[in-house]
Amino acid sequence: MGCDRNCGLIAGAVTGALMAVFGGILMPVGDILIEKTVKKEAVLEEGTIAFKNWVKTGTEVYRQVWIFDVQNPEEVAVNSSKIKVKQRGPYTYRVRYLDKENITHDSETHTVSFLQPNGAIFEPSLSVGTENDTFTVLNLAVAAVPHLYPSAFVQIIVNIFIKKSNSSMFQKRTLKELLWGYKDPFLSLIPYPVPTTVGVFYPYNTADGVYKVFNGKDDISKVAIIDTYKGKKHLSYWPSYCDMINGTDGASFPPFIEKTRVLQFFSSDICRSFYAVFGAEINLKGIPVYRFILPSLAFASPLQNPDNHCFCTEKIISKNCTLYGVLDIGKCKDGKPVYISLPHFLHASPEIAEPVEGLSPNEEEHSTYLDVEPITGFTLQFAKRLQINVLVKPGKSIGALKGLKQNYMVPVLWLNETGTIGDEKAEMFRNQVTGKIELLGLVEMILISVGAVMFTAFMISYCACRLKSVE
């Protein structure tokens with residue numbers, strides 16, 4: 001009977017040990033299964049989860065806009081006073097709601113090319129007013145004259161048309177005109193062919209591309225990364241060493257993301273790529289995600305961040321490229337003096353915002369971030385926040401600008417383009433991805449834990465039994 005009991009204890013110990021070992025074996029096997037499944041479903045080809053969500057995003061994306069309404073236009077134009085602005089908004093549009101078009105797969109290069117149609121639908125219920133609300137804003141056409149026509153003689157000629165059209169440094173425009181375009185009165189008088197429609201986002205309702213991205217079939221670490229982009233001729237204006245196109249479009253990244261990875265994403269609106277670094281772990285609707293943030297270094301001076309040397313195009317206004325916080329994207333905007341920054345000049349040199357009153361930079365409201373599920377690489381929530389500014393220089397030969405005694409970096413508007421995975425999609429994601437991974441991990445830990453406890457308990461009992469038998 002003692003022998004039977006000893007055999008039972010040994011069998012129990014062996015069983016516990018086997019459970020622990022099986023749990024230990026299951027862990028790498030489970031990881032392999034997860035990796036294999038993710039690699040399969042992350043490829044951009046017909047039938048995968050990634051492809052379905054890539055063709056048309058399942059997230060509703062909104063673009064919120066705040067306009068900087070100028071309160072003292074005459075004082076600025078005549079006395080070169082500080083510009084007093086009042087932020088008005090948000091005015092909200094739904095964007096990125098159209099399917100990708102002209103999707104073409106290339107099995108030899110493992111790429112897929114496409115066009116991305118643009119569209120914007122005004123959302124009155126998410127806005128403080130209507131598209132007919134009026135603002136006092138910078139006259140975009142007049143402000144660009146000293147940059148587009150540096151010759152004093154040409155400026156004198158152009159000034160004739162500016163005066164004839166009664167144009168000034170500032171103008172009143174509706175939201176719809178400012179964003180989507182209006183016929184400029186002074187440009188319409190110029191007797192030779194020039195574009196006469198002006199707008200911050202003009203033209204917008206056109207297809208963006210052609211993009212060509214890697215599908216990840218041969219190398220999952222390259223999935224969704226842009227190979228080539230032929231959407232904007234302005235990209236050819238940058239020197240080749242500037243390397244403006246890096247990363248994905250931000251909607252997804254190659255899977256198995258670690259906190260040390262730097263995520264790169266391209267924005268055609270500004271003809272360049274940005275990058276984000278790990279900031280925190282958060283829980284988004286029951287899904288663990290990594291929050292990657294756009295660091296202040298992305299807008300640093302070339303002295304602090306050599307990657308930005310292509311965005312310092314002149315030495316005087318930038319104080320020999322030492323100022324930081326704004327990037328010149330004029331080459332992306334037909335030579336117009338357009339600069340981007342974070343909203344309210346967050347993380348910018350104090351000198352840049354000094355001539356402007358009414359700004360209140362705030363890290364929480366004005367920073368850019370992406371919440372990425374680290375196993376799949378899918379972006380489940382994001383907020384892209386940028387400010388559009390125009391550099392205005394004094395113009396002695398231009399009546400509307402001759403009263404200026406200093407340069408102004410005039411904020412026109414800032415935008416927040418944001419999207420969050422919907423509740424239904426989040427539940428589906430939890431069921432198909434997160435839930436299965438967590439369940440597998442739980443089974444692994446239970447087997448290891450129970451097996452270890454059983455092995456220990458039975459071995460203790462066995463040793464106690466042996467001692468008793470010896471006595």
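Note: Cβ is positioned from N, Cα and C throughout, glycine not excepted.
Listed in TrEMBL for this protein:
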{"type": "CROSSLNK", "residues": "Lys468", "note": "ubiquitin cross-link"}
{"type": "DISULFID", "residues": "Cys242-Cys310", "note": "disulfide bond"}
{"type": "DISULFID", "residues": "Cys271-Cys332", "note": "disulfide bond"}
{"type": "DISULFID", "residues": "Cys312-Cys321", "note": "disulfide bond"}
{"type": "SITE", "residues": "Tyr462", "note": "site 'Critical for TLR4-TLR6 dimerization and signaling'"}
{"type": "TRANSMEM", "residues": "7-29", "note": "transmembrane segment"}
{"type": "TRANSMEM", "residues": "439-465", "note": "transmembrane segment"}
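Taking the Cα atom of each, Cys271 (disulfide bond) and Cys310 (disulfide bond) are about 12 angstrom apart. Taking CA atoms as the reference points, Cys312 (disulfide bond) and Cys332 (disulfide bond) are 14 Å apart.
The number of other CB atoms found within 10 A of the CB of Cys332 (disulfide bond), across every protein chain shown, is 22.
On the backbone, the CA of Cys321 (disulfide bond) and the CA of Cys332 (disulfide bond) stand 19 Å apart.
A distance of 12 Å separates the Cα atom of Cys310 (disulfide bond) from that of Cys332 (disulfide bond).
Its own atom aside, the Cβ of Cys321 (disulfide bond) has 16 Cβ atoms within 10 angstroms in the protein chains shown.
If you draw a 10 Å sphere around the CB of Cys271 (disulfide bond), it holds 20 other CB atoms from the protein chains shown.
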